[in-house]
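Lifted from TrEMBL, the feature list:
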TRANSMEM  A:37-54  transmembrane segment
TRANSMEM  A:74-93  transmembrane segment
TRANSMEM  A:105-122  transmembrane segment
DOMAIN    A:124-416  domain 'NADH:quinone oxidoreductase/Mrp antiporter transmembrane'
TRANSMEM  A:128-147  transmembrane segment
TRANSMEM  A:159-183  transmembrane segment
TRANSMEM  A:203-228  transmembrane segment
TRANSMEM  A:240-259  transmembrane segment
TRANSMEM  A:271-292  transmembrane segment
TRANSMEM  A:299-318  transmembrane segment
TRANSMEM  A:324-348  transmembrane segment
TRANSMEM  A:369-392  transmembrane segment
TRANSMEM  A:451-468  transmembrane segment
Amino acid sequence: MLSWNDILILLPEIYLVAAVCVLLLMDVFIREEQRNATHWLAIAITAITGFLVVTGQPPQGLSAFGGMFVRDRVSEILSLFALISVLLVFVFSRPYLKDRKLWHGEFYVLTLFAVLGVMFLVSAGSLITIYLGLELLTLSSYALVAFNRDSRMSSEAAIKYFVLGALASGSLLYGMSMVYGATGTLDLAHLHATVAQTDMPNLLRFGLIFMIVGIAFKLGAAPFHMWLPDVYQGAPTATVTFVASASKLAAFGMAYRLLSAFGPGDLLHQWQLMLAILAVLSLVIGNLVAIVQTNIKRLLAYSTIAHMGYLLLGLVNASPSGYAAAMFYAISYALMSTVAFGVIMAMSRAGFECEEIDDFKGLNERSRWMAFLMMLAMFSLAGVPPLFGFFAKLLILKAAVDAGMMWLAIVAIVAAIVGLYYYLRVVKVMYFDKPVEGVEIKPQGDLPMRWMLSLNALALLALGLYWGPLFTWCQQAFAG
Amino acid sequence: MSAQLLQLICFYAFAAVAGISALMVITLRNSVHAVLSLVLTFFSVACIWLLAQAEFLAIALIVVYVGAVMVLFLFVVMMLDINLERMREGFIKFLPVGIVVAAVMLVEMLALIGVRAMHVMTMGPDPAAAAGMSNTAWLGQALYTRFLLPFEIAALILTVGLIAAVVLTLRHKPLTRRQNPGDQVRVSNRDRVRVVKMAAERPQESES
């Protein structure tokens, strides 16, 4: 059954597994002072896997292991950007982890296992692969959230994440079992073909509802968002950067793979409506609650909830152009959040977490460049032209209007205007307020980190000006 | 009563026991009772699997979960309170619940043996029988061919669980006394024996 072709299709994943095992073993044998070797090897592994993902690609969709694994443009793009964001996480987090004595090789190993989970999840061709990919991703994430085990906040966040995550996985699995009961298949392509002819439509509908609960939890869409603020606040910022970037790409990939199997037909309209409700709740709750936050990590958590609302608007459209807009949005969100959390990590130092919005007061006087990078991230998250975030929002709104859901687009625009307020507050604090006496904030971090952070932030500007090629790429992914 | 009807009744009975005992796991306030209910849940699920001719899964569930994991759980829950007097008290106190669980299990087993003795095979298609293999052989073949990829991903998940457990619990406290085998092996005679140069002096007269 296992053919040479299967191995070729899975080459990036197989390489990653082998390389991570080597990394794990190597890290055991090196001394504390040589940890840089682990760091650079992890970065090299990520880069090589990304290279294999891009180059080893057959042009059209191919499946391996009897349809369990699908390698198409969607999986290629999502895997690539997940790997890019992991690369950014590695570069940004070294000084942060060093300062907190958390700089262990396991951080790299667990993050790479998590990104492997992302790659399986976005390339899943069967319900089993989706579930296992998700577990690989979330199990690594729980450990990464609890990584600072001497911190009470970190442990509390991890326990909350673990309990609620287990509940969501259970819900997803329960839904899958019902879908399997109604259709007798685990294969997503086969499910897509047979879903209309089931003689147990109610069972299928129940299964779909439970699966959507699982998806909404993983995205962090309201009303399944409770874990998000605590995890963002409590977890080490290095972990949050990963959870906010690569995990969101994975959640989009999972939502797309699962939901697109339930259409076209009666069920399509039902999940569209459910997602529309989730989207409105996320937009409203995320944007309104973010206004009153004083902790910037919590603020970004609520902003994530709002952004997942926009992403759901793209999925609601349920057409190739809608999926393309949602994928474009997920990518833009991943790249924006790495900048925002990167700046937070750059401003923190040993014994001082730059977490409160007040800590950013007068940043412009202390470090013009960091303030500028943060401003780029905030404007992009708010959706100010000509940054990346603006075009992502524009395409999402277009998708919502095309789907004939004008009211959704209006809600989204109002939410975006409300959202502008709290993003601008951060910018105002940085540029117009006087620095707090006694709080000496100075950008930390090493040279590679600063360069990479600048590059990442300027990419937001560059992709805002030349968003066409990336969007065309996204459109091609869903066209075939 | 036809064999098929009996099988159906058994299925619903097992399912009801599994459901009720699962509910009891989360509602009972006494944690030992909760663990015993969980044992009953697993056992009932294993009975359902046996009804469906999935012998290997049923036995694995009993051996691994009931036999190893749950007993470990029970020990942990009982050890949480290390007061020995209370533990002896507990042994008697928990005996009635244990007997109830054991009695339900016995009834389930007898019902199962009764149904299996009638050789009914009606719970859906049986791919193992269609392939002319035993259930275990068929499962093994499916795991290593069709389901190879999920099997391997599951192995990776276990690896991550192992790494995570070590990361979150392994501590090197400076005050704890422990052996360092690496240092022990690398030791040289210089570390063990120190030759000190000193002026010769007469031994003191011993006080006899």
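Every residue gets a Cβ built from N, Cα and C, even glycine.
Unlike curated records, TrEMBL annotations are generated automatically.
In this chain, the transmembrane segment (A:105-122) lies in contact with the transmembrane segment (A:240-259); the count of Cβ pairs under 8 Å, excluding pairs fewer than 6 apart in sequence, is at least 3. Same-chain residues lying 6+ beyond the ends of the transmembrane segment (A:37-54) with a Cβ under 8 Å from its Cβ atoms: 11-12, 15-16, 19-20, 23, 26-27, 30, 76, 79-80, 83-84, 86-87, 90-91, 94, 105, 108, 111-112, 115, 119. Outside the transmembrane segment (A:159-183), and at least 6 residues removed from its termini, the chain residues within Cβ reach (under 8 Å) are 127, 131, 134-135, 138, 141-142, 145, 191, 194-195, 198, 200-201, 203-204, 206-215, 217-218, 224, 226-227, 230-231.
Between the transmembrane segment (A:74-93) and the transmembrane segment (A:324-348), three or more CB pairs separated by 6 or more residues in sequence fall under 8 Å, so the two stretches touch.
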